[in-house]
Protein chains: 4
Amino acid sequence: MRVGVLGAKGKVGATMVAAVEAADDLEFSAGVDAGDPLSALTDSGTEVIIDFTHPDVVMDNLKFLIDNGIHAVVGTTGFTQDRLDQVQQWLDAKPGAAVLIAPNFAIGAVLTMHFAQQAAPYFESVEIIELHHPQKADAPSGTAARTAKLVAEARKGLPPNPDATSTGLDGARGADVDGVPVHSVRLTGLVAHQEVLFGTQGETLTIRHDSLDRTSFVPGVLLAVRKIAEHPGLTVGLEPLLNLG
Amino acid sequence: MRVGVLGAKGKVGATMVAAVEAADDLEFSAGVDAGDPLSALTDSGTEVIIDFTHPDVVMDNLKFLIDNGIHAVVGTTGFTQDRLDQVQQWLDAKPGAAVLIAPNFAIGAVLTMHFAQQAAPYFESVEIIELHHPQKADAPSGTAARTAKLVAEARKGLPPNPDATSTGLDGARGADVDGVPVHSVRLTGLVAHQEVLFGTQGETLTIRHDSLDRTSFVPGVLLAVRKIAEHPGLTVGLEPLLNLG
Amino acid sequence: MRVGVLGAKGKVGATMVAAVEAADDLEFSAGVDAGDPLSALTDSGTEVIIDFTHPDVVMDNLKFLIDNGIHAVVGTTGFTQDRLDQVQQWLDAKPGAAVLIAPNFAIGAVLTMHFAQQAAPYFESVEIIELHHPQKADAPSGTAARTAKLVAEARKGLPPNPDATSTGLDGARGADVDGVPVHSVRLTGLVAHQEVLFGTQGETLTIRHDSLDRTSFVPGVLLAVRKIAEHPGLTVGLEPLLNLG
Amino acid sequence: MRVGVLGAKGKVGATMVAAVEAADDLEFSAGVDAGDPLSALTDSGTEVIIDFTHPDVVMDNLKFLIDNGIHAVVGTTGFTQDRLDQVQQWLDAKPGAAVLIAPNFAIGAVLTMHFAQQAAPYFESVEIIELHHPQKADAPSGTAARTAKLVAEARKGLPPNPDATSTGLDGARGADVDGVPVHSVRLTGLVAHQEVLFGTQGETLTIRHDSLDRTSFVPGVLLAVRKIAEHPGLTVGLEPLLNLG
């Protein structure tokens, strides 16, 4: 399989070039960065492209790729519903072309969300602890907030978490995200970590995801590259490519 | 829903009687123990029975229950394939009757196995750590051994765990269960705990189940009581009653 | 060593009677409860008493014990500074008599606080997570609040935890106890658990204490019984009896 | 304080140069690497040197440093008892000179060992789990083996871990290091992690150290640089510089 990289000189792009070159079953076809002509992709016979570029250019990239029947695995951010609708429209006109757009390629993070949703109906209590380096600006993390919303959705109709707290300090019981308490720890030395804790009579279930370095997106991108051709049309999120049925 | 308990005076049975009585949506209809006539179940209009009895009597119980159209949730042990075939045959003759036989009703344990199988194909490495009180006779635990086998099955065709260990002490790398290292910790103060650890580039995923007391089977049995009528015929294991599709 | 129990028919007292009887090196001398004469202790040659009674009676107990040269290990609550001063005064008049009064006999809890104080000066960041059953009324727990205060004291003069949080939800960053964030999780199935997390460049240190059942005070009380004679006078807290120098 | 670095162009040395330059209270005086004259240290008024060089040259370095009254913080390996005796002899002849030689500067690792030794006498059971990346050649890790030996030493005279294991698989119960079971996990994505688990009636205590990147030695080296002048003579290991009394 011939694989190209858009944004090939960016930090993430360069990591992906190296990863494609290191994979026995993939062949690196072309790297394109700002200023380079997109025709390098067609000239090199690229079958699948990895796009970690910028919201300003990604739509032009996708138009070109779809028109030329090159499948795209996209980690670039900034996809509004309008943009997704536009991509869908282009794909409708080009049967067989495939685009995957995912906000998070870390397989562990995707599985954590999936498992948390599956477990949610079967426990009385659920809380989330996320732990990150202290340079992080938002608390809770976007991933934790999203996980909490998904869990809350999966528990719809069930009684709320039991909680007899009657005296205490502000903040002790965490942030409330749709009824799910979320606790944010900021600690020098940490990278990005999340625990979803479930409890019922006599037992608890904990799903923990640890990102230990900045390359944890690599296996998920490679998995998407290998599977994208089996998923023509538009796919949002890595989850549909995993066999979680 | 009218619910009876077979083995009502045993430790587990008595716990289940109390749990049925405490549940708003269930009504305790009859408790039967050794020497009591099974007719107490039909006389009391029992719709679902919970059977935590003994391999010596459970088959007679099931024959009676199926004949009388009483659904059965069974935690009694000792079901060989021959016994399962016999139960299946009785059920074939009585459409609508439902029997669930499960070796483990702790929902957290069942979900741990299910999630571990789902995650298994997406990680380079997997190991299991189980931790129990020091009175336990077997190492690894039956649950850990079974989890390892299921994980190994789900990884079939993938490369083995990478492991460069070249010098070391016997036992450091754990027990090998179909290629999955399993480590058994025995510590005063613990009850029953299990961690399945997955790792790939830059990230790890950990699924941990803690049984903190001996009543962790209760929510799973009640869940089975409530859902059994929707699953006519023979069901083995709690998993098919959970919405894990 | 002949050991008696005051409050012998209470839940904790009865547990201690059983624990003394089970210990090879201790002999159970006498159990005294409300209405029983204290002379049963002197008549039985009791050398050390365990007192889990009530604030209303504990001072009278201690006066009698000190006067009669019986060492006392006291878990009864309600000791104000005035009460401690009074006990000290009685002990001053009776050289050799020994009284230990401790709010917490769980050795793991005591060690967690001790280690947390020792580690505190060497890390940039520290946070505390405490996890309890959902029937608990206060958040954070008294133990977590006290641990946070001790850690804050040990960090006096050091820069505060780094924290770039600029946007977020109320409560996400926990309760602030003297500059130490404390997060309180309430989950069905849990008993009493606490984690102190320290972080500095490239590494973290976590000290975790799990109380898994209500008898975790037993080993600490027995340790105090065995060592009290070596600590004449008044001792507050279990820590001075541990060799932590 | 004027601080120099020997082995300044090596990976560790370069990291230390950057760390000294980034510290407000330290001034980088001179970097010396293979082929550079040691006189650069005296010429630059260096007060403390950091030596991460090679067993072949470290003894000559130390002779020069001691003779010139420059304190030395040494992470270079290969110190036999003979070498330590020689350094001691040089220091005896030069009162006021200070040399610290440490095999491990990660404060979390040093504290883990210290706390484990302190806790050891108070628990019935102790086991160690160490978790590393799968490229590691030895199992258990040197740190885990050393921790186990220290814990075993601190438990001398106590009964062995209770363990009723009667049937099982080879290796399940880990490696035996002086009676302490040690379990080695090897998982892609991990760096270097260690847990010491203690258990007694109703409670457990866990001390966990996570090294998340290769720079976790930096804070310990800087701490040693700041404190070495207060510790004239030879100090082995970082522990004596921490206030753990």
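Yeah, the Cβs are placed from backbone N, Cα and C, and that goes for glycine too.
Around D:HIS132 (active site, proton donor/acceptor), the same-chain residues six or more apart in sequence whose CB sits under 8 Å from its CB are D:SER141, D:SER184, D:VAL185, D:ARG186, D:LEU187, D:LEU190, D:VAL191, D:ALA192, D:HIS193, listed in sequence order. As annotated by TrEMBL, active site, proton donor/acceptor applies to D:HIS132.
As annotated by TrEMBL, active site, proton donor applies to D:LYS136. In the three-state DSSP reading, D:LYS136 (active site, proton donor) counts as coil. Take the CB of D:LYS136 (active site, proton donor) and look out to 10 A: across all protein chains shown you find 20 other CB atoms.
Take the CB of D:PRO103 (NAD(+) binding site) and look out to 10 A: across all protein chains shown you find 15 other CB atoms. Positions annotated as NAD(+) binding site by TrEMBL: D:GLY7, D:ALA8, D:LYS9, D:GLY10, D:LYS11, D:VAL12, D:GLY75, D:THR76, D:THR77, D:ALA102, D:PRO103, D:ASN104, D:PHE105.
Contacts of D:THR143 ((S)-2,3,4,5-tetrahydrodipicolinate binding site) defined by a Cβ separation under 8 A and a same-chain sequence distance of 6+ are given as D:ASN104, D:ALA109, D:MET113, D:GLU130, D:ALA192, D:GLN194, in order along the sequence. The (S)-2,3,4,5-tetrahydrodipicolinate binding site annotation in TrEMBL covers D:HIS133, D:GLY142, D:THR143.
Counting residue by residue with DSSP, the domain 'Dihydrodipicolinate reductase N-terminal' (D:1-105) contains 42 helix, 23 strand, 40 coil. As annotated by TrEMBL, domain 'Dihydrodipicolinate reductase N-terminal' applies to D:1-105.
The domain 'Dihydrodipicolinate reductase C-terminal' annotation in TrEMBL covers D:108-240.
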For NAD(+): widest Cα to Cα gap among D:GLY7, D:ALA8, D:LYS9, D:GLY10, D:LYS11, D:VAL12, D:GLY75, D:THR76, D:THR77, D:ALA102, D:PRO103, D:ASN104, D:PHE105 in Å: 21
Inter-residue C-alpha distance, D:PHE105 (NAD(+) binding site) and D:GLY142 ((S)-2,3,4,5-tetrahydrodipicolinate binding site) (nearest angstrom): 14
Most crowded position, judged by CB atoms within 10 A, among D:LYS9, D:LYS11, D:HIS133 as binding-site residues: D:HIS133
Tertiary neighbours of D:THR77 (NAD(+) binding site) (same chain, Cβ under 8 Å, six or more apart): D:PRO55, D:PRO103
Binding-site residues compared (D:GLY7, D:GLY142) - highest count of Cβ atoms within 10 Å: D:GLY7
Extra residues within 8 Å (Cβ to Cβ centroid of D:HIS133, D:GLY142, D:THR143), (S)-2,3,4,5-tetrahydrodipicolinate: D:GLU130, D:HIS132, D:LYS136, D:ASP138, D:PRO140, D:SER141, D:ALA144, D:ALA192, D:GLN194
Helix, strand and coil residues within the domain 'Dihydrodipicolinate reductase C-terminal' (D:108-240) as assigned by DSSP: 43 helix, 44 strand, 46 coil
Rounded distance in angstrom between the Cα atoms of D:GLY7 (NAD(+) binding site) and D:GLY142 ((S)-2,3,4,5-tetrahydrodipicolinate binding site): 25
